[in-house]
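This report refers to the structure that appears directly beneath it.
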Amino acid sequence: MNRSLLKRSRILRMAFSDTTRSEKDEPFILRATKIAVVVTLYWLISISMVFLNNYLLDNKELDAPVFITFFQCVVTVGLCWILKFLSKLCPGFVDFPSLKFDFRVSREILPLTVVFIGMITFNNLCLKYVGVAFYTVGRSLSTVFNVLLSYAVLKQTTSLYAVLCCGVILGGFWLGVDQESVAGSLSWTGVVFGVVASLCVSLNAIYTKKVMPVVDGNIWKLSYYNNLNAIVLFIPLIAILGELKSVLEFNRLTHLNFWGMMILGGVFGFAIGYVTALQIKFTSPLTHNVSGTAKSCAQTVLAVVYSASSKSALWWTSNMMVLVGSSAYTWVKGLEMKKVEVPPETETTSSLKSKEDSMV
């Protein structure tokens, strides 16, 4: 195994316990308990992050979605520095890469950052306009865009079964849009934002694979540079969109509760990358995707129950079509990957895309 692959393996090194012990030597109950804890933690953080972001973005007194996204990037960079300090203070307990700033690396990652900004901004805008209940359907086309871009950019063909799965997802998406329209709660603005966010998720996976060698295959270093670049680019956007005035006029700007929720949103955004890596490590990328699909289902049910709203049978059918289509696509691709020897770079990119889908 060459040096590059060894560095890539650091992506999943952060874990709850000593990883030098072989899993085969562990009792089944202990291993099952670890998996249950990790999956529960993933569900808790991921669902909490979506609901918290919805709470922040749905504030009628503060119409500043770009500023909220900007602040979450600030929190991520701050947490990177804290973990870097802790890794030096407790080297045997915390493992985190060196974060010495390199302008060349920052410049080479810039194209990815532009896509990353689009991904997280349009994702939050979609959540702001469609709410949590329709959120899963609203940004469900990332798998479809992934297939289209793989063919258009990478010239990779997709099997008939995978294309059929994408057809089920598309059918669920359009049925969901139709049912939201029938219910009178459809926001075409939110739908457009969701489609653009899905496109950015797929582009983000492609650009991530391209720039990974620049950061020695280290996902945490990539996250640091990505968010640092995003902070710089967000500042003029906030000024151009006039959000600075909205923030300064916000009547709860000096309230600790508001800033506590803002910081917590940033912490959840950073933590989802960590728990995603843990879930992939203790299970597999395929199981992680299945877990993510089940989580989306639970998230939708919770949103409907919390808002005490009534949904039609066709509305629920649209959600199930999206979730079943996504799960089937994951299963089909998993079977296809088993038939051929998959290069390490492909496996890494697959895990990264799983992480990106979890983040948004």
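If you go along the chain as it appears here, the first residue is 1 and each next one adds 1.
Placement of Cβ uses the backbone N, Cα and C atoms for every residue, glycine included.
Automatic prediction, not curation, is the source of TrEMBL annotations.
Taken verbatim from TrEMBL:
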type     : residues : note
DOMAIN   : 34-306   : domain 'Sugar phosphate transporter'
TRANSMEM : 28-52    : transmembrane segment
TRANSMEM : 64-83    : transmembrane segment
TRANSMEM : 109-138  : transmembrane segment
TRANSMEM : 158-176  : transmembrane segment
TRANSMEM : 188-207  : transmembrane segment
TRANSMEM : 227-244  : transmembrane segment
TRANSMEM : 256-277  : transmembrane segment
Rounded mean pLDDT for the residues that make up the domain 'Sugar phosphate transporter' (34-306): 88
Stretch in 28-52, 109-138, 158-176, 188-207, 256-277 most in contact with the transmembrane segment (227-244), if contact is a CB pair under 8 A: 109-138
